[in-house]
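The next block holds one structure in the form of structure tokens; read it before the comments.
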Amino acid sequence: MFALFRVQLGHWVVPAWTADTVDIDTREAPPRCPRRVTSGDFVRFHYNGSLPDGTPFESSYSAGEAYAMFVGKEQMTKGLDLGLLEMCVNELRLIKIPPHLAYGSKGVDGKIPADSSLHFSVQLLDVWNLEDKVQVESHYIPEQCPRKVQSSDYVRYHYNGTLLDGTSFDSSYSRNQTYNTYVGIGWLIAGMDQGLIGMCIGEHRHITIPPVLAYGEKGYEPVIPPQASLVFNVVLLDLHNPKDTVVIKTTFSPDNCTRRTQAKDFIRYHYNGTLLDGTMFDSSYQRNKTYNTYLGMGYIIKGMDEGLLGMCTGEHRTITMPPHLAYGEQGAGSIPGSAVLVFDVILVDFHNPTDEVQTEIFALPDNCVRKSRKGDLLRLRYNTTLMDGTLLDSSDMYGKTYNVVLGSGRLVSGMESALAGMCVSEKRRGTIPPHLAYGEEGIAGDVPGSAVLLFDVELIGLEEGLPDGYLFIWHDEVPSNLFELMDGDKDEKITLEEFSSYIKKEVDNGKGRLAPGFEADSIIKDMFSNQDRNKDGEISAPEFKLKADEDLEKHDEL
């Protein structure tokens with residue numbers, strides 16, 4: 001580089017100088033100037049040096065390297081020392097220096113004639129001082145900041161890195177990948193370690209680092225020159241500490257909570273899954289389907305297994321888990337490595353595979369003559385809902401009671417259990433686990449898979465059924481000549497028409513009773529089929545046999 005910047009000014013004497021002896025013309029001024037050059041600052045700048053007639057004598061641009069030195073310490077001509085004072089980074093100045101503040105009567109052999117004024121076109125690139133510290137300016141701080149970066153935390157952040165004049169040297173955005181590291185343990189340059197302390201998730205910071213806390217005299221070739229101040233625009237996305245555990249915040253808890261989730265329960269829940277900066281990575285709502293799984297058996301990530309314990313149906317929780325209890329350093333799919341995860345969860349229902357039907361009685365009559373049992377015809381009012389209150393079915397939708405024979409197989413087994421032993425006018429609720437309802441498959445479009453049902457029922461009326469296995473009974477003694485009475489044409493064979501005519505007449509005369517809740521013709525046809533043992537469409541005398549003769553039961557039936 002030209003001797004202008006190599007001369008030892010102590011070897012020659014120039015007259016005393018003052019501000020009005022240097023002509024300064026600012027050609028370009030930056031819109032913002034947070035700092036101006038003062039004596040003692042270290043500066044980096046580009047320049048073109050020429051004589052007044054325009055003859056060039058040296059240029060940092062030609063040399064391919066900006067010039068760097070201290071101001072006011074006689075490391076350059078006194079005129080330039082003076083001309084750089086009060087400059088801003090990115091300011092462009094034309095500095096005219098008289099001979100007595102340049103090289104005077106000696107000049108520079110072969111370059112600068114004696115008694116020459118010098119013109120310097122200077123653009124300031126960098127300024128700092130040995131006493132400088134890291135400068136932090138927050139452009140945005142979120143309203144909620146439950147936790148700030150501390151030493152030994154692990155952080156994930158995006159950044160743009162520039163020199164002080166705005167020249168970019170690196171960006172995490174260009175790699176489409178956050179920078180992930182520990183803070184305060186020497187994995188970062190000292191200035192970055194300091195600049196990240198105290199940040200909130202989502203905070204935007206402008207961190208300015210002097211060279212002594214960055215890459216110093218060596219720089220980081222080829223992108224960071226020696227003695228360069230660095231500026232990082234940082235957005236903090238995530239932080240955790242290896243000692244962190246799952247954090248649970250309950251945002252809503254139902255008033256009634258008779259049971260809480262335990263290990264080995266099967267649960268159904270809705271969730272939104274986000275990163276710590278709010279970026280969503282998954283949602284059960286988008287699939288319009290709950291997430292269903294066993295709890296505490298390793299089917300889900302450890303943090304979720306822990307975070308879902310002790311929940312009530314209908315409870316809302318925010319579960320925050322560090323990466324070592326989630327997807328670790330590798331991440332998964334759209335979840336980056338070393339990411340803290342936040343799940344907003346609503347527990348829809350849960351059960352245990354060992355659960356039975358649970359009944360709760362809300363109203364019970366003073367007098368209960370008879371309780372419902374298998375075979376009885378029940379008249380019901382009911383509502384069937386999911387645990388979150390979603391209505392599945394109701395007798396009110398049809399404007400009439402629902403009539404069903406208990407034990408006929410028209411209801412799922414859990415509802416059959418819930419209806420057993422009821423009194424007329426009784427109101428009760430049955431909580432029915434899915435393995436006693438519609439199972440893992442549910443009913444497409446109606447009942448979700450693995451759903452617990454709430455069966456609210458009122459018994460309006462009851463018609464006593466027949467003993468188990470009976471379709472018809474007589475109120476009095478069975479006629480001894482029953483076959484002859486049925487054989488209307490006396491051909492010693494009973495047809496279905498003869499059989500049906502006789503049974504209906506007995507029912508009409510109040511002498512017998514068919515099982516309630518079924519079509520009479522259907523029951524009579526089944527009775528006839530039972531007697532028609534050779535299936536030839538007729539009952540012969542040898543085929544004809546009372547049920548009492550077969551099983552010695554108390555009541556007689558065909």
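Just so it is clear, glycine is given a Cβ too, placed from its N, Cα and C backbone atoms.
Note that the structure is predicted; figures quoted are calculated from it, not measured.
TrEMBL lists 1-18 with the feature signal peptide.
Residues annotated as domain 'PPIase FKBP-type' in TrEMBL: 40-128 (among others).
Under the heading domain 'PPIase FKBP-type', TrEMBL lists 152-240 (among others).
Look at TrEMBL and you will find 264-351 (among others) tagged as domain 'PPIase FKBP-type'.
The domain 'PPIase FKBP-type' annotation in TrEMBL covers 375-463 (among others).
Mean model confidence for the domain 'EF-hand' (474-509) is a pLDDT of 89. The annotation domain 'EF-hand' is assigned in TrEMBL to 474-509 (among others).
Sequence annotations record features per position, and here TrEMBL assigns domain 'EF-hand' to 519-554 (among others).
Look at TrEMBL and you will find 531-558 tagged as region 'Disordered'.
TrEMBL lists 532-558 with the feature compositional bias 'Basic and acidic residues'.
152-240 is the stretch from 152-240, 264-351, 375-463 with the greatest number of Cβ pairs below 8 Å to the domain 'PPIase FKBP-type' (40-128).
For the domain 'PPIase FKBP-type' (40-128), the DSSP-based tally of helix, strand and coil residues reads 14 helix, 36 strand, 39 coil.
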